[in-house]
Amino acid sequence: MARFRASNILGDPFALASTSISILAWLIAFISSIVTGVHGGYPTYSWWAVAYSFCCIVGMALVFGTDTGAVYNIAIVGYLSAGLVITTISINTLVYANSAASQAAGAGFILLAMVIIIWIFYFGSSPQASHRGFIDSFALQKEGAGSYGNGRPMSTAFGNRPETTSSQPPQMYTSAQLNGFETSSPVSGYPGGAPGSEHRSSSQPRFGNPSATNLPNNGAPDEVPQPTEYPYRAKAIYSYEANPEDANEISFTKHEILEVSDVSGRWWQARKATGETGIAPSNYLILL
C-alpha cells in the first residue's frame, strides 16, 4: 500500500476542504445525536448512519493521504453511494422532528450528504473530465492552475501519454534498451544525433563525458555541449527512479516541477530545481 503523507492532503485544496467539512458535519451530527438520544426519541437506524459515515470519512482521508484515488475510484463511488442513501434516510427522519437537537443532527447529515455528492461526482468522472483537470491543477503546485486550458500543445509523435490520474505508471524501458527505437531527427543536447542514431555506437553516452574509446590521441576528452536554455516546464505525473546502470538518467518524485530543454523524443533533457540535470522519460511528465 502507498505510504500515507499528510502533505498530500495539506497540499491539495480540494482534499483539505472536503475532508475538513465532512469532519465538521459528522461532529455536528454525532454530538446532536447524543443529545437527542439522552432525551429519548432518537431513531436507532440513524446510529448506523453515524457509524457508516465515520468509516467513509476515515477511508477518504486515507485515500487522499496515500494519493490512491485512481486505484480505488470504483470502490470509493460504491461505498459513498451507499453512504448517501443511508444519510438521506436519516435526514428524512430527523429534520421533521420537533426536537432542536434532532434538527441539528439532520442539518449535520445534510452537510455530510452534500460533501458525499461532490466526492461521487469527482471520483465517478473520467480522468479527462474538465472539472477534474481544473481541480487537480491546484494540487501541490500553483503553476498547474495557470496551465489549465492554456498549456502548450504536446507532441503526439509517439502517441498520447497516460492521463494524470492513471492508476498505473506506464511501462517503461531504460534509455539503453531504447537505442534504435527513438526519433531519428536531431535533438538538441545529444552528441552525434538522436538516441539510436546509426552514426553513434550504443556504448556512447548521450550526455556527460564520452567514453575512453572516443578520446583523441592526446588523451583529452571531447567537450560535450550541454543545453544552456530550458524553455519548457513539466510536472511529473509519476515518481521515477533512475536506472543505476545509466548515469544519464535522473530521479524525480510525483508532482515535482522540472525544466526541459527539448520535448522531442521519448527521453527529455531536464533540469531539477536543485540544478541536477539528466534525461527523463517523456511519458512520466506533462508540460505546463
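In case you wondered, yes, glycine gets a Cβ from its N, Cα and C as well.
Some features that Swiss-Prot has for this protein:
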COMPBIAS  162-187  compositional bias 'Polar residues'
COMPBIAS  202-217  compositional bias 'Polar residues'
DOMAIN    229-288  domain 'SH3'
REGION    151-228  region 'Disordered'
TOPO_DOM  1-20  topological domain 'Cytoplasmic'
TOPO_DOM  66-70  topological domain 'Cytoplasmic'
TOPO_DOM  92-103  topological domain 'Extracellular'
TOPO_DOM  125-288  topological domain 'Cytoplasmic'
TRANSMEM  21-41  transmembrane segment
TRANSMEM  45-65  transmembrane segment
TRANSMEM  71-91  transmembrane segment
TRANSMEM  104-124  transmembrane segment
Cβ contacts under 8 Å made by the topological domain 'Cytoplasmic' (1-20) with residues that lie 6+ beyond its boundaries: 57, 60-62, 64-68, 115, 118-119, 122, 135-136, 138-140
DSSP-assigned states of the topological domain 'Cytoplasmic' (66-70) in counts, ordered helix, strand, coil: 1 helix, 0 strand, 4 coil
Overall pLDDT of the topological domain 'Extracellular' (92-103), taken as the mean: 91
